[in-house]
Structure formats: structure tokens, C-alpha cells
Protein chains: 2
Amino acid sequence: MKPIKVGLIGLGVVGAGTYTVLQRNGEEIRRRAGRAIEISMVAVRNTARAEAIVGAGVEIVTDANLVVNHPDIEIVVELIGGCDTARELVLKAIANGKHVVTANKALLALHGNEIFAAAQEKGVMVAFEAAVAGGIPIIKALREGLTANRIESVAGIINGTTNFILSEMRDKGLDFETVLKQAQALGYAEADPTFDIEGIDAAHKLTIMSAIAFGIPVQFGKAYVEGISKLQAVDIRYAEQLGYRIKLLGITRRAVVNGVEGIELRVHPTLIPTKRLIANVEGAMNAVLVQADAVGASLYYGKGAGAEPTASSVIADLVDITRLATADPGNRVPHLAFQPNQMTDVAILPMDEITTSYYLRVYVKNRLGVMADLTRILADARISIDAVLQKEPAENATRLDIVMLTHQTQEKNINDAIAKIEQLATVVGQVVRIRLESLS
Amino acid sequence: MKPIKVGLIGLGVVGAGTYTVLQRNGEEIRRRAGRAIEISMVAVRNTARAEAIVGAGVEIVTDANLVVNHPDIEIVVELIGGCDTARELVLKAIANGKHVVTANKALLALHGNEIFAAAQEKGVMVAFEAAVAGGIPIIKALREGLTANRIESVAGIINGTTNFILSEMRDKGLDFETVLKQAQALGYAEADPTFDIEGIDAAHKLTIMSAIAFGIPVQFGKAYVEGISKLQAVDIRYAEQLGYRIKLLGITRRAVVNGVEGIELRVHPTLIPTKRLIANVEGAMNAVLVQADAVGASLYYGKGAGAEPTASSVIADLVDITRLATADPGNRVPHLAFQPNQMTDVAILPMDEITTSYYLRVYVKNRLGVMADLTRILADARISIDAVLQKEPAENATRLDIVMLTHQTQEKNINDAIAKIEQLATVVGQVVRIRLESLS
């Protein structure tokens, strides 16, 4: 059988990794796929750099339209990132009857519904294993491995940059700004780190997993997104003393509020019991914990970024497509796990309505009755306290931290209580509130 | 589209779990698969019990041949275990053009080559996600998720019974026999626990993963199999003090011996650094760690046994088959990951030729020069010592333990050295030797 021809748009880190791995393991991949996979054309801005990377058999162009329009190319791999141009090119490729592989989580989180509908209409595949958790085959696990299950929740460390920063902050007791600078120097964080540190990248990935887990459209706009840039070293330390680690977690979960089903979709720093496996995922590694009714808990761990780990997922998609390219669309796996006409419209819950536990740190004046005031406010709000940490203040200290872990309550309830606490004359500044998940 | 009809052979724990999950999540599964999956017939020995489990729409028979011969049944699920009858029924089902799902690792480890060849010939699928690591979709990950990679090694905790026993031994400082009895009382170990505790079950599963990872035939007969029944509590304790946990690990790995490629295939108790994620997999849980050239390390964790976790994998296979039943065989994933005409005959290495590190415990008389004798023998054999643990002996103690961790060496080399050590007049009894893997 003749090789299947692939056109690559973008030859950055992941593009070059994809080319390299296909070259190195081409023979092994062919033995699996039953057919060789050949990158026949790449579209890049800098042709000189491209020439240094790809061999003579690959046509190098600067106009990506030449790739999406080329009659011999059956699969277009979009690796330029960003939304506008990428969306246009992907839709053109689909319109031309080409299958698409993309690692572009922003594109799918924002325009996935449009793109998958177009692909469905045209009978082509859009594959995106590389868009979530790099080399971990989590899309395949959720979409094919767990088809028997009613999935209850997905919770993941799905941004390596923030996990690296949090690991370093804990390990070395450093503050956020210092570690961020180190991460930038090491290449773990970008010059403009906003997408990573503010949780946006994680929310893109979580949005995609949420759709696959629950059979809902991608709804990035409804995700709650909170990053780690305001996290203080002192809270990491207190958490540790209480038996918890703080991770930037993407969480999506079924919930019932006032008898109505809804779905939580949220990214934020989260306390996790240290004894959980996922709490011990350190450095730039990723992990996704899935709770489902038949299988129970399962966890998927690996490298969430980098040239070859991401290329591993891009190429796995190429192999899947190579196998199914000649099959009837009905033989293929639906893009979002559920058949397109079998999606549901269960609503994403507003953040006020989610239920979780909380870590609260209150900075108070060292006066009689402070604790009584705090606990009274929580009791009035029917919020149970699970643990309290109050160190004996230094002699003559006039202010001190009181740390409390609460049982589960609704977010709007804790917010009301916090507002009341902040009005106390004995409380200084704002209450620090970090969500806590037991993940049991 | 009409439901796809499934015949179930065996309605034990996994069979009943499969029926239950298909009933409970049938609607959700149909929304994913695009077609309902219906168990229309079950073959059992005890029809009364079966009637209590399955609904009125399911025909109950005692002759499994009625299932494999039934013209309406497209998929036969074999869940009776054992090899002889199961092999016969599976081959008959294949000959009748039916797809097969099985959770039977012994069957595939021993007769997989014959069964897959028959299925290939007939153009049907034999799916077996449930045969390895219960609910963890590890077959799918290895076979489809990591297709880009040259897989270097697979190391797994793939037997829940032994992991439960080892966890309890470590946690409570109890000896093997005591914990085994507890495990039997709790239902974690069978009345005859041989298959589990002697490593045979793990070796069956490892044999299957080895074939998929490296593109070789299943070769159970060449696996090295050593269980945990001789493991002593004292070694678990010493290992802990040195920063290691002892796990029953199934390990399969590429190796080069004297310039020739070979594959290690071995199950035995293994010291693993406590800081590794897989060392912290406790109780009856399973986990598989894969090392591959592009993706690096990835880990898959979940329940390795039980009614619904195993059913989760059985049903995932049913969904896969339902999707691909009408596709051309060329569109399907090869049974053992590689195209049948693209397997290799790289040999399984005899145990003497594998290379690893070792934990040695030598029980010695408390005399001058003992340590010098031991270290001289190891130095002569060019075995480097990585760590030594020798506690100050109790006053007047005449005997004591010396524990050593070695660097990597070949198994025959350490065995020769151990033989020499055991000949020393100062050494009492046999040297305890446990293999050690750093898994870095």
C-alpha cells in the first residue's frame, strides 16, 4: 500500500518533534499501522530553518493554503497554535475532505463545536490527542477505554508550567515571582506566562475533557478560571503541615443542585491530601484522575508537554486516521465520544453553585474572642470546621494567622461567610480562600 | 440500527458485572457506540443463579455451544476462565465468524498465537482489554496510544492479591502466612492462591503486554516467574530503611546481550525506590509503568480486578467491536499491535542473561573480617556496592544481618558471587537475593 501523505502546518517544537519521531520510528510505526506515514509537505514562515530540519523529500512552502489544498495530502497536521488562522486553515482542510490532526487546545476549546460539526458533515476525522496532557493518551482513555462508564468526574494536573512552579515553591520555600523567573530561565515558562499561570491553558484542556466525559458541547466561556499567580508560599507551607499539597487542578464533575443536574467546570489552586497519588505528581509532569461508576478511580500520568511527548500523541492520531481513513464514518469513534446527535445540554454550573471544601487563612489581631467570632460566623452559615491550625504567637506578637479547613459547602455560602469575617474589627485584610478536594 | 447481539459464556463475578453495567449504563453506552449492545444469551452451569441475575429477555442455556453456534449472536464473551474448554469455545466462535471478547489471560498467554491467527484468517476480532490490569485501559494505551514509540520497557503491578499482601506486610509488619490468611478471609485471595502468590497470573498478563509492546508472539513458557511466598517481613523492613518498597513486578524490557537484541520477561519481587509513583500503589490496586522513546515514562493506574472494573474493560471491547464490526479487517487494530506479518522473532532472554541491581541479605557470624570477605567476593566479580546496612549488633549477639544493595550486574554473575559467599565459614544459611529496579 502506498504511504499516506501528510502535510504539516508549523514546524516549531512539536512540528519538528513529529518529523523527528516519524523519521526515527517510521519503520516501527509502519509495522503497526500497516502503511507508511509520510510527511510530504510542510508550511512554515522560515524556510531556512525548515530546510535544516526536514529531509530533501519534503516540500517546504510558506503558504499554508498549499498544504490544505494539495490533492495528494490526506491528513493535515495543524501545529501553529492560536485561533484565527488555525481555525481558518482547519476548516478549509475539512472542506477539502482532508482529515485533521491538531494539538491546538485553544482552537478546540473555543471553536470545537463548529470544527467537529464541519468534520462530521464532511465525513472526515479531526483528532486531537496532543491537545490535552501532551503524551498521555487521555483522550483515548476517556473516549474509548471507559465507554462502559458513567463518568463522574475528571480532575487533572494538566499544565506542566504551573505544576513545576508549585513543586519548586513547596520544595524550596520560595515565593511565586522568584520561581516564575527560574522557570522562565529553564524554558518551563514562556516570556509571557499568562496563559499558563492564570489557568487558561488548563481550562482549554479541561473544557475538551469535560465535553468527552459528559457528552456536552465544548463551553470554554463557562469555565471558572483562577491561576496561581496570587498563591503565597505561606499557604503552601500551612497546607503541608495539615497534610495537603496545593496543585493547580482542572476539575469537571457531575453535580446536582436543587434537584437539577449540572456540571462543574473549574480550574483553580486546590489542596489535595498528600497521600493521594496525584498529589505526588511533581515538576512538569501531568496526571489525570478519572472517577467513573464501573471502573472506580483510574489515573493517567506522563509528560504533558515537550517536543517528543506531544509528537507521540500527534503520531498516534496519524496512525488511528491511517487505519480508519478508508472506513465508513460510522466505523469511527465520535469526535466527542458521544454520537453527534446524542449530546446533552446539561448546563455548566455557575461557580457560586459548586460545592467543595475550603482552606481559609485569616490574619487576625491577637485579641481575646477572635476565634469565637470566626467560628460563630461559620456555624451560623452551617459550615463545619474540619481542622484548625493556630500556632502559638511569638511573644508580644500583635497579629497572627488562623488557618481552618472546612467541610463541604456551597461556594456562595463560604463567600457570604468570608464577607462577614472580613467585616470583623479583629480581622486584618482579606481572607485567603483556597478550595480543597479530598479526591477520595 | 438494530442492537448488536452478544452471547455470554460464564456468569461469575465478571459475567454478572458485565450484565449489570450494561443494564445500568446501556443508554449511555448506546449514545457512545451508536448502537445498542444486547446480551441475548448466557451459558451457565447453574441456571437458577443465572435467572436471579439476568432479565427475562435473556435466554439461559447450559450448553455453551449454543452460544458460539447461534446465528444471531455476533460477539461471544468468554468469561469461564481456564484453558481447555475456553480455547475450544473461542476457536469455535471464531470459526463461526463471531467476534470474541475474553478476560482470560491464561488462555491468551498460552494459546494466543493460535487464537489470533485463527481470528486473522477468519477476519474477526478477539478483544482482551479485561485480561490485563482489570479496568485500566492498558492494552489500548500500549496498542493505540503509544504507536509512535519504540517501547523500551513495561513494568507493572498487575496482580492485586499480591500487592494487597505486600502492602499489609509492610504496613503492619506481619509475615506472609498471616497476611495471606487475612486476604483469603477478605476475599482478596482465593482458597488456592497459587496462581496469584507464585506470580503465574502476573506472568500471564506480562506475556500479553510483552507481545504488544515489542511485536513478538506470546511466549509464556519463556517467562521467568517467581512469587512472593518466600518473602520475609524482615526484608521488607530493611528495604524500607534503605528507601525502597518491595512489589511483585512484572517486567519486560529490550536488552542487548553480547551485541544481540533480546527481551527480558520476568515476574519477581522487586525493590523500587519509595519516591517513585508506582512504589506508592497500595492495596489491591494495579499500575503499569511504560518507558518509550518519544513519550518517556507514562503510568496507568486503577483497579486490577473485581466485577465492575473488569466489566468496564469487557464492555469497552464490546463498544470497539460494535463500531468496527462492519469495517474491513484492514481498518481494525491488529490483535498484538503489529500487523501479523510484521512481528519479530527477537528472543526472550534466559534469566541468567538479564541485568539488574540486587538486594542481598547475608546472615553472618559476628566475627572480625566478615565484611572484608563479602566485599572481596563482590569486588572480584566486578559487582559494585551501592549501599550497606549493618546495624550495631545487640550486646553478645553472635549473629547478624548484613544487607547490601549492588549496582547493575548480570544475573549469572550475582549468582556465582552468592555461591561463593555461601561457602564462607562465617556465613549462615542462604543469602537472600531480591532484584532491584530504579525505574528512573
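The backbone N, Cα and C atoms fix where each Cβ goes, glycine too.
Per TrEMBL, the features are:
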- B:LYS205: active site, proton donor (ACT_SITE)
- B:ILE9, B:GLY10, B:LEU11, B:GLY12, B:VAL13, B:VAL14, B:GLY15, B:ALA16: NADP(+) binding site (BINDING)
- B:LYS105: NADPH binding site (BINDING)
- B:GLU190: L-homoserine binding site (BINDING)
- B:359-435: domain 'ACT' (DOMAIN)
Around the Cβ of B:GLY12 (NADP(+) binding site), the count of other Cβ atoms that are within 10 Å: 14
Check: min Cα-Cα distance from B:GLY15 (NADP(+) binding site) over recorded positions B:LYS105, B:GLU190, B:LYS205 goes to B:LYS105
Give me the DSSP three-state residue breakdown of the domain 'ACT' (B:359-435), ordered helix, strand, coil. 24 helix, 27 strand, 26 coil
Distant-in-sequence Cβ neighbours of B:ALA16 (NADP(+) binding site), under 8 Å, six or more positions away: B:ILE53, B:ALA307
Going by Cα-Cα distance, which of the recorded positions (B:LYS105, B:GLU190, B:LYS205) sits nearest to B:VAL13 (NADP(+) binding site)? B:GLU190
Would you list the other residues of this chain near NADP(+) - those whose C-beta lies within 8 angstroms of the C-beta centroid of B:ILE9, B:GLY10, B:LEU11, B:GLY12, B:VAL13, B:VAL14, B:GLY15, B:ALA16 - in sequence order? B:LEU8, B:GLY17, B:THR18, B:VAL44, B:LEU79, B:ILE80
How big is the gap, in Å, between the Cα of B:ILE9 (NADP(+) binding site) and that of the residue listed as 'NADPH binding site', rounded to a whole number? 16
Number of other Cβ atoms within 10 Å of the Cβ of B:ILE9 (NADP(+) binding site) across all protein chains: 27
Name the secondary structure element type, per DSSP in three states, that contains B:LEU11 (NADP(+) binding site). coil
Identify, among the binding-site residues B:LEU11, B:VAL13, B:VAL14, the residue whose Cβ has the fewest other Cβ atoms within 10 Å in this structure. B:VAL13
In chain order, residues whose C-beta lies under 8 angstroms from the C-beta of B:GLU190 (L-homoserine binding site), counting only those at least six residues away in the same chain, are B:THR161, B:GLN184, B:ASP196
Could you round the CA separation between the residue listed as 'active site, proton donor' and B:LYS105 (NADPH binding site) to a whole angstrom and send it over? 6
For the binding-site residues B:GLY10, B:GLY15, the largest set of other C-beta atoms within 10 Å encircles the C-beta of B:GLY15
